[in-house]
Amino acid sequence: MANIRIGHGYDVHAFKAGGHVVLGGVRIPHAKAFAAHSDGDVLIHALCDALLGAAALGDIGRHFPDTDPAYKGADSRVLLRRVVELLHEQGYRVGNVDATIIAQAPKMAPHIEAMRANLADDLGVALECVNVKATTTERLGFAGREEGIAAHAVALIESF
């Protein structure tokens with residue numbers, strides 16, 4: 001019987017002046033950008049934490065510290081692919097993932113399918129194994145005031 005594990009991840013980044021955000025590897029036009037060491041992709045960062053947590057491999061900060069200049073402006077899709085390599089080294093593969101983006105703006109619906117496709121490609125799984133959804137906070141809290149964006153992710157991994 002396969003060893004099955006689950007993990008949860010969460011990430012948040014504040015906004016700064018800018019012209020786009022990157023979520024799920026998709027560049028989305030926006031009046032603001034993420035204030036972050038890497039590209040600030042909270043969706044992928046939450047997913048990395050979920051995968052690493054499921055395998056008991058710590059978190060994204062342990063593997064890709066924001067104090068390391070090598071990760072300045074890093075493409076988070078590259079980080080996600082490295083996390084998948086770490087899982088494979090431990091004898092795990094991704095089963096499925098589910099993520100929620102929490103943002104008042106920009107609108108996510110037009111970009112969800114491209115995000116899913118990117119994530120499925122990076123994870124090495126079928127598209128139907130990746131779900132991404134978005135919600136607002138009804139203008140409550142930091143996300144509602146459009147001060148930043150957050151994301152939650154859960155992942156199931158299994159031994160092979």
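Using N, Cα and C of the backbone, Cβ positions are placed for all residues, glycine too.
Less than 8 angstroms from the CB of H13 (divalent metal cation binding site) sit F34, A35, A36, G40, V42, G148, I149, each of them six or more residues away in the same chain. Here Swiss-Prot flags D11, H13, H45 as divalent metal cation binding site.
Summarising the annotation, Swiss-Prot assigns 4-CDP-2-C-methyl-D-erythritol 2-phosphate binding site to 11-13, 37-38, 59-61, 64-68, 103-109, 135-138, F142, R145. Secondary structure at T136 (site 'Transition state stabilizer'), as computed by DSSP, is coil. In sequence order, I102, A103, Q104, A143, G144 are the residues of the chain that are 6 or more apart from T136 (site 'Transition state stabilizer') and have a CB within less than 8 Å of its CB.
Every protein chain considered, the tally of other Cβ atoms within 10 Å of the Cβ of H37 (site 'Transition state stabilizer') stands at 17. Reduced to three states, the DSSP call for H37 (site 'Transition state stabilizer') is coil. Per Swiss-Prot, site 'Transition state stabilizer' is recorded for H37 (among others).
The site 'Transition state stabilizer' annotation in Swiss-Prot covers T136 (among others).
Comparing the Cα of H37 (site 'Transition state stabilizer') with the Cα of every entry in F64, P106, F142, these being the binding-site residues, the smallest distance points to F64. The 10 Å shell around the Cβ of S38 (4-CDP-2-C-methyl-D-erythritol 2-phosphate binding site) contains 21 further Cβ atoms across the protein chains shown. Each of the binding-site residues D11, D68 was scored by how many other Cβ atoms lie within 10 Å of its Cβ, and the smallest score goes to D68. For T135 (4-CDP-2-C-methyl-D-erythritol 2-phosphate binding site), the same-chain residues 6+ apart in sequence whose C-beta sits under 8 angstroms from its C-beta are T100, I101, I102. Here the Cα atom of H45 (divalent metal cation binding site) is found 19 Å from that of P106 (4-CDP-2-C-methyl-D-erythritol 2-phosphate binding site).
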